[in-house]
Structures are given as structure tokens and as C-alpha cells.
Amino acid sequence: MTYAIVVADATKRYGDFVALDHVDFVVPTGSLTALLGPSGSGKSTLLRTIAGLDQPDTGTITINGRDVTRVPPQRRGIGFVFQHYAAFKHLTVRDNVAFGLKIRKRPKAEIKAKVDNLLQVVGLSGFQSRYPNQLSGGQRQRMALARALAVDPEVLLLDEPFGALDAKVREELRAWLRRLHDEVHVTTVLVTHDQAEALDVADRIAVLHKGRIEQVGSPTDVYDAPANAFVMSFLGAVSTLNGSLVRPHDIRVGRTPNMAVAAADGTAGSTGVLRAVVDRVVVLGFEVRVELTSAATGGAFTAQITRGDAEALALREGDTVYVRATRVPPIAGGVSGVDDAGVERVKVTST
């Protein structure tokens, strides 16, 4: 495997705050890698360090085999798209996309052909004569991506490009971004705090916390086999049954304690059958969230079941039920990998 980006032992401090703590990070050529983490985790600092917008205090940055640690951003061969799109308001969509090519004094015929192709690729062929204020937020971000791609960057860096858009538009654009990447195959690094976006779009996910990379792997790897409790908790809701972290949708709810469960795979474990009391039943479209209290410990936890299962069980507040985990992911760091404050922050509940 070849790597388009190699970050070696990068450290970055802002006074007493450690933004990057001896980070080692690689991006395979042609991949789309997501940097995922909470605010202050170091994900944007890492991206800006790769871009040359920030300089690491220690360590090196290599792009396609070239040490660019002290090379200015404009000479790194990168395309950069920010959360808040930067557009020339007095230029049309076509001229915005063509701007970088004109600065590089490319032939007019080449510029026209390149811009026409990119506008088609990003779905803006019919908008070339419009101005930025005549576009929707999603269309402006597509224009920004086209402009970044116009100069044939070696790598494309995206800093929460859809963060300022509403949920429905973000969902549409992340599916579009995945299709775009599959078409152009440029090495891409995407910063996001949206777990669903990272799982949906990326080939690989790097989870950051307090300036360190906690885990790097495919979406399936980091979700199904988290390196520690923080990774598991940050990638989705978590409950604790008999000391084991489990996903709410991996908790089976029944009326009787006879709940034999077949292991989902070789890594699945068991928490045994527990008795609980229903506190609240919340219908969420095709799913139902069941808020429960352990009869043994009084601890609160949550199960996520299908609408059909909920209707079959006819759950009501105050009902006594039995629960069992259908799958317990292996966690290298164990439950103790998250301190009490961390558990509260990432909404881990316990029984």
C-alpha cells in the first residue's frame, strides 16, 4: 500500500493546550479518510497542519514522498474546502471554478474544457452563469469543491464542508461526495464531528481525542471492534449491562427470562438475562427507544427495538421486562478506558 500523506510524530501546542500529541498518521493513496472527534480533539489542527496553514512544533509532513513540513500551502499541491465556503461574490459560478486555472495562466481552451467537465461532475452545468448569492448552500459547497478540484490537487482537504447546512442537505451531499470521490479518485481527508457522516462516506476513519489518535480503521472496524470505551461511545449511543458496553440496538427486550440468543459473530459475548422496569417508550419512526431501569441496581439504560417488536410486546411504563445483549463488542481498553466525566459526556448509561 502506498501513502499519499504521512504525518510523523507531529506535536502542536497553543500555550498549555496540547492540540496534537505526537501524532503518527498515514492516508492511503486514493482513499477518503475521515478525521472524527469532538471539539478540541485536534482533528482540524491536524488537517491545517497537513495543509500548511499551521506549522507543527515537532514532526514532519510528507505528501506523495515530498517533505512539505516547511513548504507554504500554495506549493503543497492541495485543494482545501472550508465549512464556510469562500466565493468571489462578483464572479459567476464558471469564473469562480476557473479562478485557480486563470491564476496559473492555463490556455483558454483548457480552462473551458476543464470547467465544463467539473460543472457537469458536481451537477452545476445549468448554473454556470449564476452568482454565488443565487445558489443554495449545498450548491455553493459543490462550487467550492469544483474550484478546489480544478487545479488537479494531489490531495483534497475538507474541513467540515457541510457543517453549516441543514440535516437533510448534509445527508444528500455526503452521498454525493462519496459518488464524486469514486469518480475522481483524489486522495481526500475529511474533518467531521458527525459520526453518521464519517461512517457513511469514508473508506477509513481516524478517531481523535485530546490530541491523540485513538483508532484508525474501516468504518466497520471502528464500529464493531472499537479500540476502547471512548471510541465506542463516540461512535454512537451506549448502555452498560453487567459491566459490558453494548449498543442500545443490540439489546433484546422480552416478557420472559427465556431469552437464548445466538451470537452475531465470533466476537459476540453475553451479558446474561437481566430484569428491568420500563420507564418510558418513545416512538422514533420505524424504531422505538425503550428507557429502562435495572431491577437489581437501579441504574438507567436504553434499548432500541423495532416498531414491530415494540407493538408485539405492548410495552407500557412500569412493566417488568427481561433484557439481554445480542452482541458485546470486544474493547481493548475495557470499560475503565473512560473516566466518570467521560462517561457523562458521551452519554454512557449503566445498570
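The backbone N, Cα and C atoms fix where each Cβ goes, glycine too.
As given in Swiss-Prot:
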BINDING   Gly37, Pro38, Ser39, Gly40, Ser41, Gly42, Lys43, Ser44  ATP binding site
DOMAIN    5-235  domain 'ABC transporter'
MOD_RES   Thr2  N-acetylthreonine
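Shown on the structure are the features that Swiss-Prot records.
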residue : record            : DSSP class
Thr2    : N-acetylthreonine : coil
Gly37   : ATP binding site  : coil
Gly42   : ATP binding site  : coil
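It is Thr2, among the recorded positions Thr2, Ser41, whose Cβ has the fewest other Cβ atoms within 10 Å in the structure shown. Each residue contributes its Cα atom, and for Ser44 (ATP binding site) and the residue listed as 'N-acetylthreonine' those atoms are 24 Å apart. Report note: the ATP site is defined by Gly37, Pro38, Ser39, Gly40, Ser41, Gly42, Lys43, Ser44, and the residues of the same chain whose CB lies within 8 Å of the CB centroid of those residues, excluding them, are Thr45, His193, Leu208, His209. Lys43 (ATP binding site) sits 23 Å from the residue listed as 'N-acetylthreonine', taking the Cα positions as reference. Of all the binding-site residues listed here (Ser39, Gly40, Ser41, Gly42), Gly42 has the Cα closest to the Cα of the residue listed as 'N-acetylthreonine'. Note on Gly42 (ATP binding site): other Cβ atoms within 10 Å of its Cβ, all shown chains, come to 23.
The Cβ of Ser44 (ATP binding site) has 21 neighbouring Cβ atoms from other residues within 10 Å, across all protein chains displayed. The number of other CB atoms found within 10 A of the CB of Gly40 (ATP binding site), across every protein chain shown, is 14. Sequence-distant contacts of Ser39 (ATP binding site), defined as residues of its own chain at least six apart whose C-beta falls under 8 angstroms from its C-beta, comprise His193. Its own atom aside, the Cβ of Pro38 (ATP binding site) has 15 Cβ atoms within 10 angstroms in the protein chains shown.
Its Cβ placed at the centre, Lys43 (ATP binding site) has 29 other Cβ atoms within 10 Å. Gly37 (ATP binding site): 27 other CB atoms within 10 A of its CB, across all protein chains.
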